[in-house]
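Among the features that Swiss-Prot reports, active site, proton acceptor is placed at 712, with the record citing sequence analysis. Feature annotation from Swiss-Prot assigns ATP binding site to 595, 596, 597, 598, 599, 600, 601, 602, 603, 618. Under the heading compositional bias 'Acidic residues', Swiss-Prot lists 345-355, 387-396. The feature domain 'PH' is assigned by Swiss-Prot to 428-547, with sequence analysis given as support. As annotated by Swiss-Prot, domain 'Protein kinase' applies to 589-845. Summarising the annotation, Swiss-Prot assigns phosphotyrosine to 93, 469, 508, 755 (among others). Marked as phosphoserine by Swiss-Prot: 203, 206, 221, 351, 403, 554, 748, 916 (among others). Annotated region 'Disordered' per Swiss-Prot: 338-362, 380-408, in sequence order. Positions annotated as zinc finger by Swiss-Prot, on the basis of sequence analysis: 144-194, 276-326.
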């Protein structure tokens, strides 16, 4: 241990700032003894001295209060602050009045002199901090948590009750000090036992390593009595503002915080006798972790043990290791504060986790559902670049000021409701090697280095270069068959092994050596690509590439494919059903082009082999569902077969095998959610939203006319036909759709919770107005970039609170007509909710510019299905009255097509739809 520093007065000419720097330099290794200023030579504005806590010494600066005096209480608070940061496991929380201060006086016989008033402290003194004998052991055990709302990107569990934290974002609370996670409902029950491991600093590292000197002032004690009164000041530099002065609290200064249970309750509980737990076998209805080893309690029932008194949960194997610290049933104001109090209670509507069962399917894709879209939407605040950086700062949610002007609703994101699927790397080489072939146009057998990936077969000149002879796209391969006798084989030449047929040429691949001159050594495959073994491996590899999504373990026959014998093709266009048609002979599926995934399958990109037309192919694995749900798998196909509308995605055909269903649809550009999230502000302007919503409503009107309710309407299921700023949109994904009559109700579980009406969430009967609620949510998320409801509150209560639903940011920029339409769509009572035609007639959608944009779209696609001829004269008259320009080509179109039989037929059909819906 080094000798204590020599205390000596500095030179009288030493400036005040230099004296502070010299005092700070005393803690730097190798800087020699610490020079102290002469007593009474206080720098302007405060007294500079050192605080000694055990073996740690810190320079501090005591500032004057507004009355010009010094306060001893501020010195005690400063000492507690140093202990909290350097020794968080021994925090002095609330012990300001139990700290004694002693001044080192080498000239006195008793070196330590008790400091009774602040004036006893002189410039350059060394003050020893001693804990009074009146401090009890319980005082050291009480360390409150710093709880802040946190968004988790992976499933997490409450460290108090052990149950999973449910929800999409802001699922629970995280302590800044110890990093533990809790339910919001558990906040009042959490014991004040924070360990502070996340913000712990090595006790042998001085806080002055940051180049700062601690200061204390009485100016802030009234506003924040429990905060450390610290203001870092760099020697020789200007002092920072008080708002930047709280080290260790810089990150969450503006975030919504929660407080734990009262400290008086902890003192009361510490006086209770701790006894062994009384464990009994328990069955849990929700995912729960062992509160001893923090691992999941696995199983369907009787997963673990629970204490009858305090509800502590653990594994059977962990029970002997649990300490005897049961406090029994602890209640305050009639409420049970034990850890697992709600572990076997079914939650009611309006509680924090009332979506737990409904959202269970969402947890499989929590990492995918909250990727960069969510990070960008949440990053609205700024993190202070303070010295004590949180090691988990990249996973903290950004600072969000809680005020009436800011929306705290869930940010808009892509909600995935399927089993997690990872996207394969594009252009992955599936097989490569030397191979020989000749064609129907050239009988000369050639040898190339073949490389097979997910989209093509490339014939390279050699195995290292990039120059290639030919590329055979897999989408152009019409047939893969074993070798047949051919007249093209030269006399005396060896026959080929298999054939690849395209529209223009047939490739005869491989060479079957009938009479080999010498067998290859050790039965190894010849490197030249000759022989039946190497050809057989290539045939199997190409067959798998042509049908990349066949079930694992299925055999691929070289002759008659096993799928061809049992597959069925249903053509939607002409209602023809063909037996023994394999989808791989008609379409090429690209396994690395995943367009999306839904409740019942994955959607891949594909191509028609003969025409080269791009398609989207949804592949449904029937083995994932019970037999009784197979009818639901075909529900989408059955509905789309009867739908032919420009606003609904076109279904081409369907293939079915015992294991899978292949639904082939037209391929579009993207979806509406991608358009919203990629926009400049993360939300759409009103004129674009009107344009898209009108098209959605027209498609819905056609569905409702046929008594079809979509039941899962959301931006992900609204596809864009092009990348234009004003694109055509089409509805897709009818897996949840239902046939519901005009006055009928259904009760089956449907849809995505974030877009579902309250009657579905409450398991009540619903009708076609369910889709209109979803339209209201789509309008809301399009204009604001957030979901309209917070998961913590009852939907009905939130709707009644206009300040909550429509905070000034961003709703002050949005018209009152849009808000009025949203209010009429988000009606909890179904009979008050707007219908399709009433929504289309709303003033917000009856907009001249929107009508012009829709007419231009109809002119581009060559079909009029959104607007009606009867409105032409009205809008033309409106343009004349308002002095607006009416496009001349629209006048000519209405004059030329107004009297045609086709126009009359379309008009009568549209009129009948409106009358039927009304």
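Cβ atoms are placed via backbone N, Cα and C, with glycine included.
The structure, with features from Swiss-Prot marked on it.
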residue : record           : Cβ contacts under 8 Å, 6 or more apart
469     : phosphotyrosine  : 446, 448, 459, 460, 461
508     : phosphotyrosine  : 437, 438, 439, 440, 483, 486, 488, 496, 499
595     : ATP binding site : 603, 604, 605, 616, 667
755     : phosphotyrosine  : 712, 713, 714, 773, 774, 777, 778
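Helix, strand and coil counts under DSSP for the zinc finger (144-194) come to 3 helix, 14 strand, 34 coil. The predicted model assigns the zinc finger (144-194) a mean pLDDT of 84. Residue 755 (phosphotyrosine) carries a helical DSSP state (H, G or I). Residue counts for the domain 'PH' (428-547) under DSSP (helix as H, G, I; strand as E, B; rest coil) come to 21 helix, 39 strand, 60 coil.
For the zinc finger (276-326), residue counts in helix, strand and coil come to 3 helix, 14 strand, 34 coil, using DSSP.
Just so you know, the Cβ of residue 601 (ATP binding site) picks up 25 other Cβ atoms within 10 Å once every protein chain is counted. Using a 10 Å radius centred on the Cβ of the residue listed as 'active site, proton acceptor' and all shown protein chains, the other Cβ atoms total 25. Residue 603 (ATP binding site) has a Cβ environment of 20 other Cβ atoms inside 10 Å.
Using a 10 Å Cβ-Cβ cutoff, residue 597 (ATP binding site) registers 20 neighbours.
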